[in-house]
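Structure record follows, encoded as structure tokens.
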Amino acid sequence: MAAPVPWACCAVLAAAAAVVYAQRHSPQEAPHVQYERLGSDVTLPCGTANWDAAVTWRVNGTDLALDLLNGSQLVLHGLELGHSGLYACFHRDSWHLRHQVLLHVGLPPREPVLSCRSNTYPKGFYCSWHLPTPTYIPNTFNVTVLHGSKIMVCEKDPALKNRCHIRYMHLFSTIKYKVSISVSNALGHNATAITFDEFTIVKPDPPENVVARPVPSNPRRLEVTWQTPSTWPDPESFPLKFFLRYRPLILDQWQHVELSDGTTHTITDAYAGKEYIIQVAAKDYEIGTWSDWSVAAHATPWTEEPRHLTTEAQAPETTTSTTSSLAPPPTTKICDPGELGSGGGPSAPFLIHVPVTLALAAAAATANSLLI
């Protein structure tokens, strides 16, 4: 009967371990969510446990040092972003979970940056906003748009969460718009507002499909073409004018040309053989401001291809060279002794190097003797 005792001990130990595991991992009530400011100090109580209760603290499953405790409370100094996490307090002997805190470290919001722009005039405009610095915790924004005393609907952008769209109800209105935005989070609140006239926020998107090409046989010309921005809804009724800038890559200074109409321009003063960068901006003909610059186009003016001599072109020169090589040099004359009045019979010609003037005089004398 002595043998079953060890087995009984093992069973008791296993049951005890199961109880401890169940106590540490059994479902508990949702942790308390707490927000604290970056750089501050915080004291986390262990639920309803007495101050002198023997407890152990863990964060995200890792034990914390005992020197961080003040009794049963956990004290954290100079909070950093890395302090965010799930803090749990256990009874030191039984490992019974006493309390949980989900700590978020962040900042209150600063005054938001708000701007409005009409790139689809005269259909409407949009407003967008952002915080100048991150808060590291969730923020809630609320936007209000007034046209005079009338509240306008601001439809949320389907893709950009910090943007909404407003449709113009009355074109060419002299009544100002006022857009207000407030932002809040668990640590604070802030707000701002802007007021503007309809025409002051008109700003088209940049021109599209900017292309630059060399002009054949013109080493100083580049032909530039572009398209009106596709977001501009009615270019016939609300025409755009354009501003073109260009420069060779070797220089930093831009040259500018303002164009009242059309979507093409020929640059006539380009440096031959130098690569150029070209950009175009757009603006409503009467109101608003210039768009941002378009995507840059690059091009190099036409250059003449170097001419390479062909075999056919070289042939006449070879013939001429061969013929001239057979001619006597200026100071050399091929003479026949018979021509010099030697009286002998025909013989092979031989070379006599004499000055040209002497050779001509000798030839003249020979001719006179033959006439006599």
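Glycine is no exception: its Cβ is also placed from the backbone N, Cα and C atoms.
Listed features, source Swiss-Prot:
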type	residues	note
COMPBIAS	311-326	compositional bias 'Low complexity'
DOMAIN	27-104	domain 'Ig-like C2-type'
DOMAIN	108-205	domain 'Fibronectin type-III 1'
DOMAIN	206-306	domain 'Fibronectin type-III 2'
CARBOHYD	Asn60	N-linked glycosylation site
CARBOHYD	Asn70	N-linked glycosylation site
CARBOHYD	Asn142	N-linked glycosylation site
CARBOHYD	Asn190	N-linked glycosylation site
LIPID	Ser342	GPI-anchor amidated serine
REGION	301-340	region 'Disordered'
MOTIF	290-294	motif 'WSXWS motif'
SIGNAL	1-22	signal peptide
Query: Who are the long-range neighbours of the motif 'WSXWS motif' (290-294) in its own chain, taking Cβ under 8 Å and residues 6 or more past its ends?
result: 203-208, 210, 226, 229, 243, 245, 279-283
- request: Select the closest residue to Asn60 (N-linked glycosylation site) from the following glycosylation sites, measuring between CA atoms: Asn70, Asn142, Asn190.
  value: Asn70
Position of peak Cβ density within 10 Å, selected from the glycosylation sites Asn60, Asn70, Asn142, Asn190: Asn190
- request: Please give the average pLDDT for the domain 'Ig-like C2-type' (27-104) in this predicted model.
  value: 94
Task: State the Cα to Cα distance, in Å, between Asn142 (N-linked glycosylation site) and Asn70 (N-linked glycosylation site), rounded to an integer.
output: 42
Whole-number Å value for how far Asn190 (N-linked glycosylation site) lies from Asn70 (N-linked glycosylation site) (Cα to Cα): 36
